[in-house]
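Here's the structure, in structure tokens; my notes come after.
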Amino acid sequence: MMGRPVLVLSQNMKRESGRKVQSGNINAAKTIADIIRTCLGPRAMMKMLLDPMGGIVMTNDGNAILREIQVQHPAAKSMIEISRTQDEEVGDGTTSVIILAGEMLSVAEQFLEQQMHPTVIISAYRKALDDMVNTLKEISTPVDTNDRELMLKIINSAINTKAIKLWADMACGIALDAVKTVELEENGRKEIDIKKYAKVEKIPGGIIEDSCVLRGVMVNKDVTHPKMRRLIKNPRIILLDCSLEYKKGESQTEIEITREEDFARILQMEEEYIQQVCEDIIRLKPDVVITEKGISDLAQHYLVKANITAVRRVRKTDNNRIARACGARIASRTDELREEDVGTGAGLFEIKKIGDEYFTFITDCKDPKACTIVLRGASKEILAEVERNLQDAMQVCRNVVIDPYLVPGGGASEMSVAHILTEKSKTMTGVEQWPYRAVAQALEVIPRTLIQNCGASTIRILTSLRAKHTQEGCQTWGVDGEAGVLADMKELGIWEPLAVKLQTYKTAVETAILLLRIDDIVSGHKKKGEDHGRQPAAAPEAPQQAE
């Protein structure tokens, strides 16, 4: 009594399950990790990527590389996603997190082959993660964020793995000054918003050494009228987000005019309105008016007569930065302007021509809580890479200021945590001890990769590093990424923020757990009709190829 087979899934569906899926996920993760393995450490190689639009990206930043890569496998997509998460959360460690997650999955493969249930492996990984976090906190050391020399050293160890390391001193100074400028403390809570208030302006030309941090704001705008002043000391600044033009009616407004005088009256009302708006501004005797909207020719005429400089169509984000820098308040209506809305914190308003473009500088502010970083360089590609590196440096500085704890770099903290996990696994009983010990083994991938990227002997140096960590008081020993030899990170001054390390470990282990829990992939395919529909269009190419 054999009936017809019951089809539950559509014929266009493809289903993979069990062991095949798990090994597929692990291989995808390992492939992604292998792509950027050479991008770790001070001897990191750079990758050149061509984006779909034909633009070139040259970088060794893990997140920037993976962002440009097109992948199809769902596990590879989730690996790329964790790199982006790491970048948004702490701004650094994007390469480490991918390598570590790939290795965590790689060491789990042998247990799956031995028919160990994924739940057992996951349980061991969770235990190991808790112990890793506690161990990291134990070996971390507090740091005084007001010690400029030490802060520069910390940022330098982050920059050392980047292309910008040739100008490390300048970059460290820029990153530290920018973060200290935008740091705001309210109700005992520190807020450092680099994205909003530390703007990076890239201007091709000049040399990288010309880059600097402005104590104020720079905007790519010129004054609206040639007769307006282009250099003002101690300016009084008014910021608006309304236009100095006659208000057009809302959509499809109609006015019916029966007499000629009515038309003249309408024109007169427009002029009176603009005159009134300008009088509201002139009443406060400002030197500079900056608006996000337009300024009509008539309004410019009144402002020039009152010796007021005007800048129009400034971005909202730039306007917010100017407000923070000079202490002005952005007004939405001119008739509501008060004396306290005028910004008097800026020391200098100046228009400069750099290359072919005009830039407005509002600098020498008394207590700016916003700044602009001006980057100069030979080409757009170099500037883009320098900006990426600088963003990482600022994020590292921000992490240390908010959470002032450090752990040793150069693979020292990984080896230290791995040693403690290995010792703990000896006291465990049952099957879980093997995946638990495998986590310790996976952590060694960071120092191993550092040694490989130097071209040194991996086995010899890693073995001697393991032996070193069994001794008392050698927790800060790691790999000198420049020379590929053992060194004390404390003496070399290579430190990493605790926040970055914690996030790296958590993200890597949780991603490994997530991918190990997958045992089935169902993928929907395009309908057959769609493929047939496209074939006639492709058909004419066949004869050409035959020729």
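Glycine is no exception: its Cβ is also placed from the backbone N, Cα and C atoms.
Feature list (source: Swiss-Prot):
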- Gly41, Gly93, Thr94, Thr95, Ser96, Thr161, Lys162, Gly410, Gly481, Glu482, Glu496, Lys501: ADP binding site (BINDING)
- Gly41, Gly93, Thr94, Thr95, Gly410, Gly481, Glu496: ATP binding site (BINDING)
- Asp92: Mg(2+) binding site (BINDING)
- 525-534: compositional bias 'Basic and acidic residues' (COMPBIAS)
- 535-547: compositional bias 'Low complexity' (COMPBIAS)
- Cys365-Cys371: disulfide bond (DISULFID)
- 525-547: region 'Disordered' (REGION)
Between Gly481 (ADP binding site) and Thr95 (ATP binding site): CA-CA distance (Å): 15
Number of Cβ atoms other than its own within 10 Å, given for Gly410 (ATP binding site): 28
Glu496 (ADP binding site) to Gly410 (ATP binding site) - Cα separation in whole Å: 9
Cβ neighbour count (within 10 Å, all chains shown) around the residue listed as 'Mg(2+) binding site': 28
Whole-number Å value for how far Gly410 (ATP binding site) lies from Lys162 (ADP binding site) (Cα to Cα): 15
Chain-internal residues, separated by at least six, CB under 8 A from Cys371 (disulfide bond): Asp177, Ala178, Thr181, Val182, Tyr197, Ala198, Lys199, Val213, Leu214, Arg215, Gly216, Val217, Ala325
Inter-residue C-alpha distance, Asp92 (Mg(2+) binding site) and Gly41 (ADP binding site) (nearest angstrom): 12
Whole-number Å value for how far Gly410 (ATP binding site) lies from Thr94 (ADP binding site) (Cα to Cα): 15
Alpha-carbon distance [Ser96 (ADP binding site); Gly410 (ATP binding site)] in Å: 11
